[in-house]
Amino acid sequence: MEVPFTIPGDQVNAILYKKTKDKYLSRLSKVTMPSNNRIDALCMHFGSCGGCCWQQLPYELQLKQKEKSIQNLFKPYLNENVKWHSIIPSSPWHYRNKMELTFSSDKAGRRYLGLIMQGTRGHVFQMKECLLANGWFAQAARAIQKWWDNSDVQAYHAIKDRGSLRTLTLREGLRTGDRLVMLTVSGNPDYALTKSQLQSFVQVLRDSIELSNSDQKLSVFLRIQQIAKGRPTNFYEMLLYGPDHIREKLYLPDFNEAIQTLNFRISPSAFFQPNTEQAEKLYSQALKLADLSASHVVYDLYCGTGTLGICSAKYVKEVIGIELSRESVLDARENVKENGLSNVTIKSGDVGQVLEALSQENSLKPDVVMVDPPRIGLDAKAIKHILDLKAPKLVYISCNPKTQVMNLGPLIDGGYQLQIVQPVDQFPQTVHVENITLLTLP
């Protein structure tokens, strides 16, 4: 049974509302006797927000629970030949560099800009604070709420295809102080925002978002989400103010304990790890497990903005990154230039198709394959291509260990052996955990 907002040792009253294949889903009604480990949550929205569910659990116990969950998942593969590394902790608060808020209104006309309520399908509550992100996120949200309240612009209603405002995306470069705001609106031309409305939107942000020095930049985007029955959803982005990207730096400890500084540009919709400090630990650990050398050729699959491959470029002969998202590919190529790297090539396209093309081109075979796929994990076609590469080392980073462990079966059947499991906590106060595995061919 799953009961959100509880911890081991709590005695509670819960309301069952759904049975799935392997568990009951329920809502917490009352904690009749709290666990001795229970603490008070810090956030005023805890219990209604769908973002956090573990603020009532001390952080050291959160880490133990996450380690336990990974151990349970990987139990069929853990033996005396597999090294288990303790979970790498994170700063528990104010770690997120990106948030997406939703516009909504109720039948009475009340307007809400915030996060989705826990256990609901799209019900939004008014966000006044979020302790997982920098304080300016909530400050900007309050300013936009005021702008919206003083306008006749409507929140988008998906069923009726009416209204304009869908989401508000907030991003920052932790190391640079750059800030980005993107307003996503519907593609229904009957509800298009006017030029004056967009100008006032930008001005509100310029007035409310404080930049501490002239090197810090603010970027404001409009994104139009075009939906039509029987057709794929299309997005069109328009720069309203500032640079067309934000900048970020990663500080990675070198193998000789010096610090390697790497520069990255991030477009509004491109993927970048949402916890910057923890991304540095994640990538450093991945490079350490790969045990790279100057003769190595590295394939970085699902490379996003090229981060992992760029981090490894200094230590190897050649890096080939593969990414499907065109926007991420453009960023990745710019990031390669930004860091002055001549041994990194970014290929655009489906991983399986690009790998097939590389094999036909007789490109250099990889010594190390690194994969960081989306939550759905590797599909059967991608696994087949990875097995065909026969790389001696495979470093698999996952934001969803459940699909990662599902992928282990066919990889091990294909000849790989699991060597190391390394959990990394990217998202304190939540159940989510990142995981790195090292697999090798005998």
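Please read every residue number as a count from 1 along the shown chain.
The backbone N, Cα and C atoms fix where each Cβ goes, glycine too.
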Worksheet item: If Swiss-Prot gives Y302, E323, D372 as binding S-adenosyl-L-methionine, which of Q273, Q278, Q353 does it give for that site as well?
Response: Q273
Practice prompt. Please state whether DSSP places C49 ([4Fe-4S] cluster binding site) in a helix, a strand or coil.
Written response: strand
Worksheet item: Among C130, C399, all listed as recorded positions, which has the most CB atoms within 10 Å of its CB?
Response: C130
Practice prompt. Counting Cβ neighbours within 10 Å across all chains shown, tell me which of the binding-site residues E323, D372 comes out on top.
Written response: E323
Response to the item:
Among Y302, E323, D372, i.e. the binding-site residues, the one with its Cα nearest that of C49 ([4Fe-4S] cluster binding site) is D372
